[in-house]
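Visitor: In case it's useful when we look at the structure, here is the feature table from Swiss-Prot:
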type	residues	note
BINDING	Cys466	heme binding site
CARBOHYD	Asn327	N-linked glycosylation site
CARBOHYD	Asn379	N-linked glycosylation site
CARBOHYD	Asn508	N-linked glycosylation site
TRANSMEM	27-47	transmembrane segment
Amino acid sequence: MSLASTLPRASFETLLQHTNFMDGIKFVFFAFVVYSCFTIAVGWVVYEWKRKAHGCGKIPRYPHRDPFFGFDIVFGMAKSLRNDYFLVWLNKVHENLPKTFLVNFVGTRFIYTIEPENMKSMSAINWQDFAVGPMRRNNKATAPFADKGVNTVDGHEWEFSRFLIKPFFKRETFTDTSRLTLHVDRVLEQLPADGETVNIQPLIQRWFLDVTTASLFGESIESLVYPERAPICWAMVDVLRGLRLRLQWYKYLWLFRHQAWLDAVEVVHRYLNAHIDRTYKELDEYKRQGKNPEAADRNDLLWYMASNLQDKEALRSQICLIFVPNNDTTSIFISHILWNLARHPGIYEKCRQEVLALGDAELSFSVLRNMKYLNAVLNETHRLFPNGVTQVRKCIRDTTLPVGGGPDGKQPIFVRKGDVVQVNKNVIHRDHDIWGPDAEDFRPERWENLRPYWNFVPFGGGPRRCPAQMLVTAEASYFLARLMRVYKRIEARDPNPYVGVMRVGPSNKTGVHIALFKE
């Protein structure tokens, strides 16, 4: 007797349907596996053919514990970001490996490199073969904080964004140190008496917030005078830290869900909306009266941008991607300088003597620019604590990089469309082959006869080089020179080692606890 004859008809049909369903699932799974294997095989054959056609060597591979998906490196990165040891983790990834190697990031080919020549090629020679948009905007990594801006787009859209922000970085702006005087006066007034411990980092952040808002919006927020206005500064810190996590996750940012980050974004948006609404209202009044906006008393960046962009959300996006990252750059840079000087009193004294040798001379841009040892201190800080730890680009057409292939790593490598190249600048800046056995040491004297090129790239290079370098240098130099005219020595009051918390770049987790002495 058959099984079918012993079962009720309904039960038999149910079993039959279930069997057909399971067979279908098996068939679909089998077809998927076959298709995947076929696609991978064809892709590998095509890649190898192109690699050989370009005369390129094989790229060494990272020794994954999970070679299929690369979850080991994904989870390692996530853990390091969550527990604030990303810089340590990144250095360990490069330990005992060639200077260029291939990483599997959940199916996406990442090429990690610390070769200056590859940085040069990606940033300057073949820069149009690479793009930032797929890494930042196309996958909504910066949304809802911002959309289009100089840091997130390519091509003509990037050229337009660059046009919008150009006045902020013009020579007349960064050479005018008088715009800093009042705000530095206020910082010096708020520093405690001789020998009292102070975490100077939040104070510097408020100082730079005051400086930046004056230049961007035509009026300073004056958070040093009105501390209750400072929360916008801390909201920007939260936004930047969230952005760093989202950018690191690449196309898997759906794993990032933090309501606190969205709340911080809302705080920043409300603040900017008020300035944008005021500016558009003033522009409309100018136009109603038949006046030329270029002849207005206002010469701040927002006025210029609003005159050339009439879409409120688009304007807010553009200003977000300048205002928030820029506010973190100089303040954290100065914090890093003071963190190091507090641990090297001899360097502080040598730098101070150079400042005192100026007498009562005005601290103009030209004067500060010619202070060799002060600038060496700035460069050494940039080297050990670059604001941009990595430079990441997605390849948008098949191309090559000059080195990294073959057994000796000297052959060019083939980079196919869709590959992601990550130059780890923090590792380059500490490479013993470039900087010597004391590469980890803070030693400004190394800059006395040093003329670096692509092995020192704190602001990137090529057409997309960050235009803020001279602005940051002028602001940091002026602040430090004013401080050194007042305080004879500096002392560290935090014995803990540096722990880098990632935002745009790293900042010390515990701040900068120091004591300053006038005598």
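Including glycine, each Cβ sits where the backbone N, Cα and C put it.
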Visitor: Measure from the Cβ of Asn508 (N-linked glycosylation site) and count the other Cβ atoms within 10 Å, all protein chains considered.
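Guide: Total other Cβ atoms inside 10 Å, all chains included: 20.
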Visitor: Can you give me the Cα-Cα distance between Asn379 (N-linked glycosylation site) and Asn508 (N-linked glycosylation site) in Å, rounded to a whole number?
Guide: 18
Visitor: Name the secondary structure element type, per DSSP in three states, that contains Asn327 (N-linked glycosylation site).
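Guide: In the DSSP reduction, Asn327 (N-linked glycosylation site) maps to helix.
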Visitor: Here the glycosylation sites are Asn327, Asn379; which one has the lowest number of other Cβ atoms no more than 10 Å from its Cβ?
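Guide: Counting other Cβ atoms within 10 Å of each of the glycosylation sites Asn327, Asn379, the minimum falls on Asn379.
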Visitor: DSSP three-state call for Asn508 (N-linked glycosylation site): helix, strand or coil?
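Guide: Asn508 (N-linked glycosylation site) sits in a strand per DSSP.
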Visitor: Could you state the whole-number distance in Å separating the C-alpha atoms of the residue listed as 'heme binding site' and Asn327 (N-linked glycosylation site)?
Guide: 14
Visitor: Three-state secondary structure of Cys466 (heme binding site) from DSSP?
Guide: coil
Visitor: Based on DSSP, name the secondary structure state of Asn379 (N-linked glycosylation site): helix, strand or coil.
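Guide: Looking at the DSSP assignment, Asn379 (N-linked glycosylation site) belongs to a helix.
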Visitor: About how far apart, in whole Å, are the alpha carbons (Cα) of Asn508 (N-linked glycosylation site) and Asn327 (N-linked glycosylation site)?
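Guide: With the alpha carbons as reference points, the distance is 16 Å.
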Visitor: Including all protein chains displayed, how many Cβ atoms other than that of Cys466 (heme binding site) lie within 10 Å of its Cβ?
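Guide: So the number of other Cβ atoms within 10 Å of Cys466 (heme binding site) is 20.
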